[in-house]
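Participant: If you scroll down you'll find the structure; I have some questions about it.
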Amino acid sequence: MITVNTEDSGSKGAGNMSGPRRNTKFLMFMIHVNYAIYGISSHLQGGAFPFVSKKLGVDPTTWGYLQTTIAVAQLAGCPIFGRFGDLYGGRAAMTLTFLGMMVENLLVVMAFSGGIPLLFISRAPMLFIHPMTAFQMVVSDLSDEKTRADALAKLNIVSTIGRILGPTIAGWLVEHYGESFTCLVAASMSALCVTLVWVFVPASTKQVDEEKAETSSQNKPSLFDYREILRLLRIPAVAELLGIKMFCSIAFFLLNSMMPIIQMEVFKMSPQEYGYFGTYLGIVYLICFSCVSPLTKRLSDINVMRVSELFVTIGDFGLALSNNYWQAGLAFLPRCFGDGILATMINSGLSKGVSAQDTGGVMGLSLSAGHVPHMITPPIAAYLFETFGYRSIGIGCFAINSVLTVYLFRRKDAPST
């Protein structure tokens, strides 16, 4: 008998539900609530951090090194974090993530007295901060293959609440109360998430075979067993999807790693304008993720991927021609639309290609595939920005995504196992 393991003595909210179906619905609701709070908290700190850096005298080159530090920490932690979630459950993974976020925000506050070195140290908790891996793992566990893309898209829709509210709230808080207060509010919200996780989320959400559960627990592999990671990488569809994700992430981080600097230095945005622009992008992503379900019902997976990547390429071309943030906002319309749908389709394909016991591991690898480019692109983006101007970044992104668009249109079918 296959069941979702939602029983846990320390999780009264989930344990007292009557019936697996009701348990799953309530659990999915709590997952969405936590993801919405995380989204707001993340964008509060994200909205304050560029202005903290500016006050401490961080130049574009140093900013690039900061982004590389984040990428190194995330890359080192992603695969292990995914295995951690598979072995110890969604509740433990979420708790570790939110505790990391709380420490990160407190270190950013302390950076005002410690200077730029402490600003770099504040990136160290990113080693444990992988909310997307944790939440996507749990949602993948609670959905079947037919509804997987739709379930992941709904999770992303919830995340746009943070994208919409977070930047605006962050801009207002920074403008009126300062960066330190904004980060303290973000830390408090992370503490709230830890509480909600321990009260309502069960220890494990894996679909387990009750007859084999005892045997699986006795033969549990080590957290640092890299043979398990290599086993996933040997799956052809997983390897190809990770390759696609890595390639498109080069263009993504080439632009996004320098976008705060471009907004402040080129477009001269104030904290509130910076927040409004982030809210606008959140609304665009909300519309984007709402389109995933209709698109997957009418088009094949490969056609959805083709259309989404084509939109990203068009957006990059528009960004290369932008002269102000109004034009950049128009260019971000197709770029965000395509980027959000493509990311959802890749994660859906990855989760379908592995067993329920490996969803955390493969989601960790998915984020790792994105963080490899994130590790090398910020210094390159900083060099292009300082030497050739911000348009060169848009041209580079357009060239990279054009190559990926041609590859997807030449491919007959989506990667499958």
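Backbone N, Cα and C define each Cβ position, glycine as well.
All annotation found in TrEMBL is predicted automatically rather than curated by experts.
Okay, so TrEMBL annotates it like this:
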{"type": "TRANSMEM", "residues": "26-44", "note": "transmembrane segment"}
{"type": "DOMAIN", "residues": "27-414", "note": "domain 'Major facilitator superfamily (MFS) profile'"}
{"type": "TRANSMEM", "residues": "64-84", "note": "transmembrane segment"}
{"type": "TRANSMEM", "residues": "96-120", "note": "transmembrane segment"}
{"type": "TRANSMEM", "residues": "180-201", "note": "transmembrane segment"}
{"type": "TRANSMEM", "residues": "232-254", "note": "transmembrane segment"}
{"type": "TRANSMEM", "residues": "274-295", "note": "transmembrane segment"}
{"type": "TRANSMEM", "residues": "388-409", "note": "transmembrane segment"}
Participant: Where, among 96-120, 180-201, 388-409, do we find the most CB pairs under 8 A to the transmembrane segment (232-254)?
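Facilitator: Result: 388-409.
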Participant: Is it the case that the transmembrane segment (180-201) and the transmembrane segment (26-44) touch, counting contact as three or more CB pairs under 8 Å in which the residues of each pair are 6 or more positions apart?
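Facilitator: These two segments touch.
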Participant: Return yes if the transmembrane segment (96-120) and the transmembrane segment (274-295) have at least 3 CB pairs under 8 Å (sequence gap of 6 or more), otherwise no.
Facilitator: no
Participant: Take every residue in the domain 'Major facilitator superfamily (MFS) profile' (27-414), average their pLDDT values, and give the whole-number result.
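Facilitator: In the predicted model, the domain 'Major facilitator superfamily (MFS) profile' (27-414) has a mean pLDDT of 82.
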